[in-house]
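Participant: Here you go, one structure.
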Number of protein chains: 2
Amino acid sequence: MTLPTGRRERKKAATRQKIADTALRLFLERGYDAVGIRDVAAEADVAVTTVFSHFASKEALVFEQDQDFEQRLTQAVTRRARHEPLIPALRREIEALVRHCTADSAAPIWHMVDASPALREYEESMRLRHAESLAMAIAADPDLPQTTTVCRTIARFVIDAHSLAREAADPETALDEIFRMIEAAWAATRPSTDAHSCSGTASRGRVGDSPE
Amino acid sequence: MTLPTGRRERKKAATRQKIADTALRLFLERGYDAVGIRDVAAEADVAVTTVFSHFASKEALVFEQDQDFEQRLTQAVTRRARHEPLIPALRREIEALVRHCTADSAAPIWHMVDASPALREYEESMRLRHAESLAMAIAADPDLPQTTTVCRTIARFVIDAHSLAREAADPETALDEIFRMIEAAWAATRPSTDAHSCSGTASRGRVGDSPE
DNA sequence: CCTTAAATGCTAACCGTTAGTGTTACGGTC
DNA sequence: GACCGTAACACTAACGGTTAGCATTTAAGG
């Protein structure tokens with residue numbers, strides 16, 4: 001059992017962090033497109049191949065902590081309180097993540113992302129991965145006997161919520177609107193929970209008690 | 001105004017088509033990654049720069065007709081019958097497009113797409129563009145006085161429906177499930193029209209006070 | 001016919017990314 | 001402590017998508 005504080009691992013983590021910090025600094029200073037991988041490597045005093053041994057691509061340098069994101073989402077499902085409804089738990093997590101993205105300190109980064117097509121594209125593929133992970137987590141919950149399609153659909157909707165709320169002028173209000181829709185979509189998948197159940201072609205489901 | 005059948009435009013269109021056909025043939029014969037742009041250019045008997053004057057990227061060679069896709073979606077909104085409900089109109093169009101994608105003749109292409117991360121990523125960015133166009137079309141409809149967020153959300157959901165149904169084992173059933181959810185989400189945005197209101201487990205609309 | 005501009009060709013390069021090949025330094029073992 | 005396996009890193013060179021710069025053809029219109 002190697003202790004988690006081996007010198008090797010510390011050095012590796014330090015190198016990775018130095019690369020990420022240097023890259024982000026240069027990107028913000030000169031612009032993402034104006035900084036090459038060779039620049040980052042030189043400034044961080046490592047070889048180009050070392051950069052790519054820590055990060056799969058240039059874009060990955062910007063989204064350094066996306067694994068945290070993914071894990072927080074799945075844990076919002078797996079570690080929620082017993083019998084706690086799914087959607088509110090997800091909403092809490094998305095709300096926290098949106099707040100994190102829209103914080104003032106993160107603003108320059110997202111401005112850079114929005115300005116670069118390559119970064120936007122990369123973010124898109126990340127979102128797809130996150131949606132798949134989330135769908136797996138939902139499908140694995142024994143309290144939620146849903147089809148694969150429903151799990152994947154709800155997962156996509158939730159990820160969409162994050163993306164749309166982040167870009168909205170008023171993220172809080174946007175989350176309200178979007179999650180009202182997601183609640184309704186989720187409710188439409190379980191026509192038999194309580195006896196009310198207006199099933200059939202389910203044109204219009206019930207409208208949730210509007211808080212206004 | 002020059003007539004749309006000038007010799008120049010015909011030749012240009014022919015060149016474009018020859019490049020696209022050659023590229024798709026080579027991709028299917030040897031695999032997407034095994035064929036370089038220089039191969040495509042040589043086989044189509046054009047210069048590399050000519051390829052890029054017709055197509056923005058290598059991936060765009062595969063999704064040659066995505067503009068048709070986008071146009072069909074927006075027209076499903078703008079050209080639908082007077083007072084026809086939005087969602088069923090969109091569902092019809094998505095259903096047709098999914099059928100088109102899952103046809104036997106298109107199977108090898110989508111197999112290639114699913115096998116290539118670059119193509120998948122490109123398809124993702126396409127979907128985002130399509131969703132934005134669709135959101136614009138929905139927002140422009142005077143019969144649908146919705147907020148920007150609601151329009152963008154519904155647009156994303158519909159695009160998600162296409163993506164998920166295309167990948168599902170049974171696309172027809174998947175579309176049924178997903179559009180039942182989308183109908184409910186859409187209905188939840190208009191609480192005042194006419195409420196049949198079969199309310200089940202009352203979802204809480206008011207979250208957002210305590211983030212922790 | 002002659003001018004103009006669009007379409008295409010050719011060359012060379014840029015940049016992200018990877019393969020191949022060593023070299024170093026840490027970790028576990030004797 | 002000496003030893004060995006291996007993870008981390010360096011270096012070079014190259015590949016492949018993409019673009020700039022400039023030359024050349026060819027259709028369009030006066």
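Glycine is no exception: its Cβ is also placed from the backbone N, Cα and C atoms.
Automatic prediction, not curation, is the source of TrEMBL annotations.
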Participant: Which one of these stretches, B:36-55, B:136-155, shows up in TrEMBL as DNA-binding region?
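Facilitator: Spelled out, TrEMBL records DNA-binding region over residues B:36-55, not the other listed ranges.
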Participant: Go ahead and report the DSSP secondary structure tallies for the domain 'HTH tetR-type' (B:13-73): helix first, then strand, then coil.
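Facilitator: The composition, in the requested order, is 44 helix, 0 strand, 17 coil.
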Participant: Considering every residue in the DNA-binding region (B:36-55), what is the mean pLDDT value?
Facilitator: 96
